[in-house]
């Protein structure tokens, strides 16, 4: 009999017992000493909720829009690579769960299911494409064109990965894809991170990034991408207000405040702490989203109160996959949805439009006096 899991931490604890160690370590780990990994979650507790009373919360509407597309709730699925390591159906299970729940899924370029397979598995699902900029621009260009052809609704371009962060567990485990898997959006063994490729004796993914991803990425590449596609473009990985303003100048449609799940540069701020500066900097000109550390419905409420349009979750989806595939992902999303609904009700919010910054304040005890 399967255990009864009632919160996101339950799903993670279960995943640790069923996933191969190198796979669990890959999904769980952050960069270096993992200070930011812990802080992404811990930082939410530094923001305190100040609920409104006597607001008639008999009926709660969680729905909103993301880049002009309606979603049932402001909780979407972020790009998580190589999901077939967690469950045989991987990304196909995830997109089906998103379709059922009425929310969106961002597909990783490094998926173990192809752009086309995911579109066919979730034809009615709201799908977005995450993009890395490859040294060979034609590789990135083809990913964008395929996403357009298959009905994906936006491109989320990752800008925080000129090189891969130093993830100690991946080095210790000499992380590679299991032999039966490959990144299915690519044909050649080298681009597909196939076990048949040559990726060294340490972290194979770090070697892959060094071989394939362009470290000379600049704002000119955002212009190139803007010329390439008419789809909305979201820049993923912004943590500074001036970078956010530069992104707006270059014609992006959204900014995803992200530190890559704390997997790139250790010591950067938790995303919830970086969010207010970004929101202020863009002055409402583009939509702002957040990922990193979202584990509870109150986390979602706090992010929206600080100006996020929606949040994206990554690791919780993997833990759901590891538990029960499509149903596990759906259950994880349902938990977050119902926690968010309750948090809204207890805060006096009938719909997402009334969620504003008056609902949250930084705990004064958490502010350094240095």
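One-based numbering along the chain as shown.
Here the Cβ of each residue, glycine as well, is placed from N, Cα and C on the backbone.
Not measured: the values here are computed from a predicted model.
According to Swiss-Prot:
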type     : residues                                         : note
ACT_SITE : 260                                              : active site, proton acceptor
BINDING  : 26, 132, 167, 260, 263                           : glyoxylate binding site
BINDING  : 79-81, 108, 130, 158, 236, 258, 291-295, 314-315 : FMN binding site
DOMAIN   : 1-365                                            : domain 'FMN hydroxy acid dehydrogenase'
MOD_RES  : 184                                              : N6-succinyllysine
MOD_RES  : 194                                              : phosphoserine
MOD_RES  : 230                                              : phosphoserine
Residue 315 (FMN binding site) and residue 132 (glyoxylate binding site), Cα-Cα, nearest whole angstrom: 20
Model confidence over the domain 'FMN hydroxy acid dehydrogenase' (1-365), averaged pLDDT: 97
Distance in Å spanning the most remote Cα pair of 26, 132, 167, 260, 263, given for glyoxylate: 19
Among 194, 230, which are modified residues, the residue with the most C-beta atoms within 10 angstroms of its C-beta: 194
From recorded positions 26, 167, 194, the one whose Cα lies nearest residue 295 (FMN binding site): 26
Protein Cβ atoms within 10 Å of residue 26 (glyoxylate binding site), excluding its own: 25
When distances run from the Cα of residue 291 (FMN binding site) to each of the recorded positions 184, 194, 260, 263, the nearest one: 260
CB within-chain contacts under 8 A for residue 79 (FMN binding site), separation at least 6: 106, 107, 108, 109, 130, 156, 158, 236, 314
